[in-house]
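Report on the following structure.
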Amino acid sequence: MKKSLLAVMLTGLFALVSLPALGNVNLEQLKQKAESGEAKAQLELGYRYFQGNETTKDLTQAMDWFRRAAEQGYTPAEYVLGLRYMNGEGVPQDYAQAVIWYKKAALKGLPQAQQNLGVMYHEGNGVKVDKAESVKWFRLAAEQGRDSGQQSMGDAYFEGDGVTRDYVMAREWYSKAAEQGNVWSCNQLGYMYSRGLGVERNDAISAQWYRKSATSGDELGQLHLADMYYFGIGVTQDYTQSRVLFSQSAEQGNSIAQFRLGYILEQGLAGAKEPLKALEWYRKSAEQGNSDGQYYLAHLYDKGAEGVAKNREQAISWYTKSAEQGDATAQANLGAIYFRLGSEEEHKKAVEWFRKAAAKGEKAAQFNLGNALLQGKGVKKDEQQAAIWMRKAAEQGLSAAQVQLGEIYYYGLGVERDYVQAWAWFDTASTNDMNLFGTENRNITEKKLTAKQLQQAELLSQQYIEKYAPEAWARMQKLKAQSAVKTGNK
């Protein structure tokens, strides 16, 4: 909620308070009116000095006139003085003073002041954090039709922040704000309809709200709508439209849109493959600290592409940045690079990264960690632990791990030798993605089995395929059904 609240803290000098027209008054006339004690003129003169309009910019003079108007109880000036203390413009930043002046204006019903006072209580700036008090002021601003207040009320109910969480109420307040063009609220409504929060799930309506935000130029709306076109959710799948929207968001600096645009360009999903342009966008995302951008940049350097030479040093550098942020795939790939380099010290680094990724369920890392333990490279040889990690990878459907686990059972490495288990895992790998090693090893192992053991192995394999190779299992069932139809038609 903090991010959204910061977006609705009202900080601008103009267009926030409506001032009675002073007519076409020049600076000297304005000074005369201000010196005579006219509060409106004092505030306007403060504006002139603040912006350097018809005079030299002078923040000290501006603050003096703002204060004179505010001390007369002129509500717009009280609010403006609060802004100046909040921003530290013309005076040292002083949140406590900002709260004092905001409260004076808020108590007189100025919605902008009520909104900002609510934020001060929410963030604990100049006062102790008091979420209930913040909601009180947000509500007052919202009930006067202030879209920022309505958004903040939506946020409060969405997060359960100062009120009991209530998605229905959140949707109602977001709707009020969104109807006034509040883009954050449009995005929140898009999210709520996509998840069925406080409303029946409706991806088409979700897309409509994201579109409203995107059309207004909001980078998040563009990002979310691009995602919907990419996956074909709520709209017809359209990679070209997705690329356009990702590009619009990326140009505004959105790091997620930047790496996703890079991926579309690298894969050629909306035209010819453009790895060089992809590299540029990955780098923009990566340099903002986005772990996905760092991963994709590293991966492109790792494998290379037309116009992009392989660069191991760059790959290691960017994989490391992503890995240090906890990206499991980057950790696994970084470990793989170190393992290939060959020295004992590099093998140790590899094992460290394999362990981090494997603990998060990354199957390639589990497989590689199992192999390192089997070979005793970078770690003390431990066949029992190797078998444990290899099984974890095999049970996630990695056919190479299924073959390796079969070999572990075939040779009795860290487990009791079991040809039935070995055959079942080899057959699972063979069926999974037509792994040739699985097929060859299965045929070799079959010679070790009795007829009864082969039946047991076949039954066990069926269970493994159904559980650990579901796509292969679905293909098998489809073929069986087709075969049954053909047989029935004869």
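In case you wondered, yes, glycine gets a Cβ from its N, Cα and C as well.
According to Swiss-Prot, the residue from H122, H224 that belongs to the Mg(2+) site alongside E159, D161 is H122. Sequence-distant contacts of the repeat 'Sel1-like 10' (364-397), counting only residues of its own chain at least 6 positions beyond either end whose CB sits under 8 Å from a CB of the stretch, comprise 328-329, 331-332, 335-336, 339, 344, 346-351, 353-358, 404-405, 408, 413-415, 425, 428, 432, 467-470.
Using DSSP to sort the residues of the repeat 'Sel1-like 3' (111-145) gives these counts of helix, strand and coil: 26 helix, 0 strand, 9 coil. Residues of the repeat 'Sel1-like 5' (185-218) grouped by DSSP class, helix first, strand second and coil last, total 24 helix, 0 strand, 10 coil.
A Cβ distance under 8 Å defines the sequence-distant neighbours of the repeat 'Sel1-like 11' (399-430), meaning residues of its chain 6+ beyond its ends; these are 363, 366-367, 370-371, 374, 382-387, 390-391, 393, 436-439, 441-442, 445-446, 448-449, 453-454, 456-458, 460-461, 464-465, 468-469.
Sequence-remote contacts of a segment are chain residues at least 6 beyond its ends whose Cβ falls under 8 Å from one of its Cβ atoms, and for the repeat 'Sel1-like 8' (291-327) they are 255-256, 258-259, 262-263, 266, 273, 275-276, 278-279, 282-285, 333-334, 337, 353, 356, 360. The binding-site residues examined here are E159, D161; by Cβ neighbour count within 10 Å, the least packed of them is E159.
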